[in-house]
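Peer 1: The feature transmembrane segment is assigned by TrEMBL to A:6-26, A:33-54, A:66-86, A:152-168, A:174-192. Look at TrEMBL and you will find A:9-83, A:95-168 tagged as domain 'Glycine transporter'.
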């Protein structure tokens, strides 16, 4: 019971952070209040909607539980009003975004496995849950998705998804190993940010 | 029976108008005949396809009932040949588009409620039904979606969806209150156009 | 048994070729290794994922059978390393792409018909299976989809889908007529490429 509540709170924090990243992109593109809220909603919940469509869970959680949509929209509207202040807390936002990535990967991979998706597919679904929101945000604001271009982000999610699948295989899906997996992903992501790691680019 | 037939005719008029908006965007981007028909199809039926995927209605109506696809393609091809003449009837097209928005919001919200989506989610689905086609049209033609940038459009749809959910709660889902809801949305949208209302934009 | 195996091999060749087209677009846009693999995956499997979502087959084959994802990623990584050499085999790639289009149209249309989608809708689903991957590739790399602009590609797929639906109506869905349909589409597409056929463009 308490575990489920902790998970919900963690999930909603992830939603709020991803919404803030989407809303910031919307403000930067000079979208109006509705556009900012919509891109925030899409950035926060696009990955989960994609996950639920793929695993056949209709309606997606974003539409089935009002707390998700309300959290995403509230965070977006806050960013709309507080945008200049947001730059000062940029490091905090990046850290929370890394935590959201870790958390969404864990829940996405587990939900796919529980829905009967085989392991390779479930890892892909877990990664898509984490990066789908950012992809949607960039497509809506006319950018080539950042996750495809530079940073070590999706690869961390994919590695974390594989770890979760291995834990699931050995039935180690208690709160502790899962939280440790999310924390590990968050840590690796923050290290990649700090050290400016990047994936190789081909010579065209 | 006659009510169902009236609803189908109204729905197909909405499809034709949304297809015309998509096809016009395609012609302006110098797409070929197929591209114009495809963007017309996507603009007319993208919102409904998204709605049906979200509420778990497979296959979506756009693929299950041939009259929708045929109407969308026929309207698109007509725009392809008659494009210069279209500018002269621009006001009519805008008025019909406002009517289509009202109608799609009503049917989208109701279908979501009937599929068991809770009220907040159903209102979002209703709004997405109305704006999803225009979003798809803009993404396919390389534009940041207009609905996110300037106009009072999606907010009218969202307000209308809330009204429909309230009517549904009180079991007032006869033809008359629903038609009045659609007409109200259409009127507010036309007023917003005429008065050039717009949503606030943040200072980035 | 052997027919099923032949179909799987043919399907995976189609996946590899479409992945190569996506990966090439990714390299040209200077995406990193992950981005190239992701666009390759999306180009190879986006059409099939769309098809499976529309016909209600969850999870989509791309997630249910690991051989599809592995083939797409392996082909993409190969393109990442061998990109300059790829230009020399450009004609081969275009021919294989035409074969993939024919094959994906046949399997997409049949799967939709078998899932109970009516004939007009099933033809649209078959065409979307063939062009969906290329559409996704172009959207992810910030381009207006090529299939909407110039070439005779989707129309060949649509014509082939109609042919498959007619064969299905007369229960002629043995390996021979289906292979002949795919070969016919491939041939028409190659002819259109060689003769530089293109669809008409309207005067805006």
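Using the three backbone atoms N, Cα and C, a Cβ is placed for every residue, glycine included.
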Peer 1: Can you break down the domain 'Glycine transporter' (A:9-83) into helix, strand and coil residue counts using DSSP?
Peer 2: 64 helix, 1 strand, 10 coil
Peer 1: Can you work out the mean pLDDT of the predicted model over the domain 'Glycine transporter' (A:95-168)?
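Peer 2: Residues in the domain 'Glycine transporter' (A:95-168) carry a mean pLDDT of 94 in this prediction.
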Peer 1: Restricting to CB pairs under 8 Å, which listed stretch, A:6-26, A:33-54, A:152-168, A:174-192, is in contact most with the transmembrane segment (A:66-86)?
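Peer 2: Out of the listed stretches, A:6-26 contacts the transmembrane segment (A:66-86) most.
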Peer 1: Under DSSP, the domain 'Glycine transporter' (A:95-168) has how many residues in helix, strand and coil?
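Peer 2: Reading the DSSP string over the domain 'Glycine transporter' (A:95-168) gives 60 helix, 1 strand, 13 coil.
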